[in-house]
Amino acid sequence: MRFLFKTDYEDDIKLFPHSGYVVSYGILIALLLIAPHVLSSYVMSQLVFVCIYAIVGVALLILTGFTGQASLGHAAFLAIGAYTAAYLQKYNVPFPVYFLAAGALTGFIGALVGFPALRLTGIYLVIATISFALIVEEILARWESVTHGNEGMRVKTLSLLGVAVPRDSPTFYYLCLAVLVLTIVGTLNLLRSPTGRAFVAIRDSETAARSMGVNVALYKVKSFAISAAITGFAGVLFAHKLSFISPEMFTLQLSIEFIIVILIGGTFSLHGAVLGAIFIVMIDPFLTYLKDDMPGIIAGIAAAFGAGTATAAEIQSKVAAFASLNGLKGAIYGIIIVLFVLFEPLGLYGRWLKIKLFFQLFPLYKRATFKRQKIYVKSERNR
Amino acid sequence: MLDFVQQLVSGVALGCVYGLIALGFVLVYKATEVVNFAQGDLMMLGGFFAFTFIGMMGLNYWIGFAGAVAAMALFGMVAERVVVRPILGYPQFSIIMVTIGLGYFLRSIAGMIWGTDDLKIETPFSQGVLRMGSLVLAYDKLSVIAATMILCTLLWLFFNKTTLGTAMRASSENMLAAYYMGIPVKRVVSIVWAISAAVATCAGVLLAPITFIHSNVGLVLGLKAFPAAVLGGFGSIPGAVVGGVLIGVIESMAGFYLPEGWKDVAPYLVLLAVLLLKPEGLFGLHVRKKV
């Protein structure tokens with residue numbers, strides 16, 4: 001293990017604290033680059049979704065994790081990005097232009113949403129962003145001259161510099177990966193800049209930030225705009241990956257999924273966004289696995305433990321019936337959210353940190369290191 | 001004119017249901033500063049319980065109603081104990097997420113148990129209509145309005161006139177101080193959740209003849225109840241009902257007089273306007289910290 005002794009400001013803002021980071025991230029990037037030549041197309045498709053969810057997760061982290069502004073409206077930003085891309089594409093606008101335009105428009109709308117947020121905190125902000133998302137959803141369904149209403153819009157194949165990039169091709173995956181890496185590096189840089197520090201200051205204490213001279217209003221709006229813009233970029237990729245968009249894809253459910261991404265990953269680190277994205281994308285294959293293979297396996301185990309063939313078949317059919325229940329995914333989501341908030345508030349990345357700390361401090365690790373303290377409710381009403 | 005009155009009454013009836021759900025939010029918020037995003041789903045579950053008692057087991061309507069309320073009160077207590085109490089006092093975001101998760105879970109479980117079809121409960125009110133001149137008012141809508149008024153009055157009395165109500169208000173201001181003053185804070189919170197689940201059940205059963213019960217009804221109506229609660233000012237019992245009625249009337253009027261699509265958006269536009277102009281709501285307390 002290696003102790004990091006930070007002796008001056010330069011040490012505190014390093015992008016890579018020590019060479020170990022460079023090596024491990026380098027290996028990760030190299031593995032991701034050779035992935036399309038090794039893995040099956042289904043896995044690659046999942047990886048693209050991981051990239052897209054991770055981009056949105058990073059965007060949401062900037063807002064929720066680092067500025068402390070909760071938002072349940074990010075599906076709307078994703079929708080705006082996707083629809084801008086689909087609309088501009090009809091007029092043969094080249095990809096780089098509409099990619100940037102989608103980000104700019106979404107960022108602008110995000111700033112507009114940020115203004116009401118100046119007066120709202122906590123629960124009111126959540127409700128305001130939910131209503132914003134519902135309004136956007138309704139507009140997408142009704143503004144038929146632009147969005148084609150509930151029929152949805154086709155998104156043509158992406159063409160980059162005159163070369164077609166189909167949504168299943170490795171190039172598209174590289175594009176998503178590049179956007180993700182750029183987003184992460186950009187966010188890291190943002191967070192060590194004065195802007196990012198102002199964000200964190202606002203999260204920790206608005207009053208303290210204000211008294212230190214941080215223009216709270218400006219930075220809150222900025223945070224909304226940046227987060228929305230990044231989500232808009234993700235929206236463009238999302239539209240191209242799905243090749244068809246319609247209003248019912250961008251519901252509150254999707255916003256909640258994004259929140260789950262950062263909640264499960266951990267709301268204090270960018271690693272969390274990526275881990276959470278992997279987790280949420282893996283749920284679908286997991287359910288498929290549960291449906292297809294699990295009944296047989298469980299029946300096999302039952303048979304091995306001395307149950308007769310008849311009972312084994314019975315168990316198999318019961319498990320199969322359970323796995324193909326309609327709302328299973330929703331129930332799993334619900335349980336996951338509750339369990340994570342209750343038992344692992346730091347998320348998957350927090351778990352990793354705990355494991356790491358355990359090995360670093362091996363004989364001296366205290367079990368209570370991460371234990372939550374008892375807190376009593378104090379009214380926020382008369383702040 | 002007749003159309004207008006007709007719309008007004010159905011708007012008020014619908015609004016009362018929103019108001020009842022909003023009441024649930026407000027009760028829990030008043031006592032613990034927690035916004036229960038699963039309130040609509042508690043309502044849905046209450047409706048399903050009542051359906052099981054009345055529709056499937058064939059009990060008398062009133063007995064089934066009481067049974068559902070009792071069962072849900074118990075359920076509310078259990079939910080509070082298992083899910084909410086461990087994180088009471090932590091940032092609101094965590095608590096919101098927990099209740100959203102709970103809502104997800106209840107919705108899926110209800111879908112698994114009772115299926116995804118629309119269910120209907122036969123009530124003593126579902127047949128008759130009240131005719132006043134050429135105005136036709138359905139009894140089931142009137143029953144919702146009456147029940148809301150009764151419940152609202154009872155709750156208001158409870159909060160302002162009883163010791164337990166005062167204890168709840170005290171523990172919402174500052175739990176630790178309330179605890180030091182000898183208020184059994186944990187029990188108070190449990191009771192609040194029980195009451196709020198019971199109120200939600202009343203809403204679910206009363207609603208059953210109007211919109212039917214299905215597993216997503218809680219989400220749909222719960223989202224409509226937010227504007228109601230915000231409009232009235234979170235934390236005010238009369239405010240919740242007035243806000244609910246306003247939202248119901250706005251929705252009903254927008255559905256009738258404005259082009260299609262406005263009906264679903266209007267409540268949220270009103271909500272955003274209220275949040276911008278008067279975040280403390282119509283009946284909210286405007287408290288200022290004096291230094």
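Heads up, residue numbers simply count up from 1 along the chain you see.
Including glycine, each Cβ sits where the backbone N, Cα and C put it.
A TrEMBL annotation is a machine prediction, not a hand-curated record.
As written in TrEMBL, here are the features:
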type	residues	note
TRANSMEM	A:21-39	transmembrane segment
TRANSMEM	A:45-63	transmembrane segment
TRANSMEM	A:95-115	transmembrane segment
TRANSMEM	A:122-143	transmembrane segment
TRANSMEM	A:172-191	transmembrane segment
TRANSMEM	A:212-238	transmembrane segment
TRANSMEM	A:258-282	transmembrane segment
TRANSMEM	A:294-312	transmembrane segment
TRANSMEM	A:332-350	transmembrane segment
Where else in the chain does the transmembrane segment (A:258-282) make close Cβ contacts, counting only residues six or more beyond its ends and a cut-off under 8 Å? 46, 49-54, 56-58, 60-61, 64-65, 72, 74-75, 184, 187-188, 333, 336-337, 340-341, 346-350, 352
List, by number or range, the same-chain residues at least 6 past the transmembrane segment (A:212-238) whose CB is under 8 A from its CB atoms? 48, 51-52, 55-56, 58-60, 62-63, 66-67, 69, 71, 74, 77-85, 98-99, 102-111, 113-115, 117-118, 175-176, 179, 183, 187, 190, 195, 198-199, 201-202, 206, 245
Do at least three CB pairs under 8 A connect the transmembrane segment (A:172-191) and the transmembrane segment (A:21-39), leaving out pairs fewer than 6 apart in sequence? yes
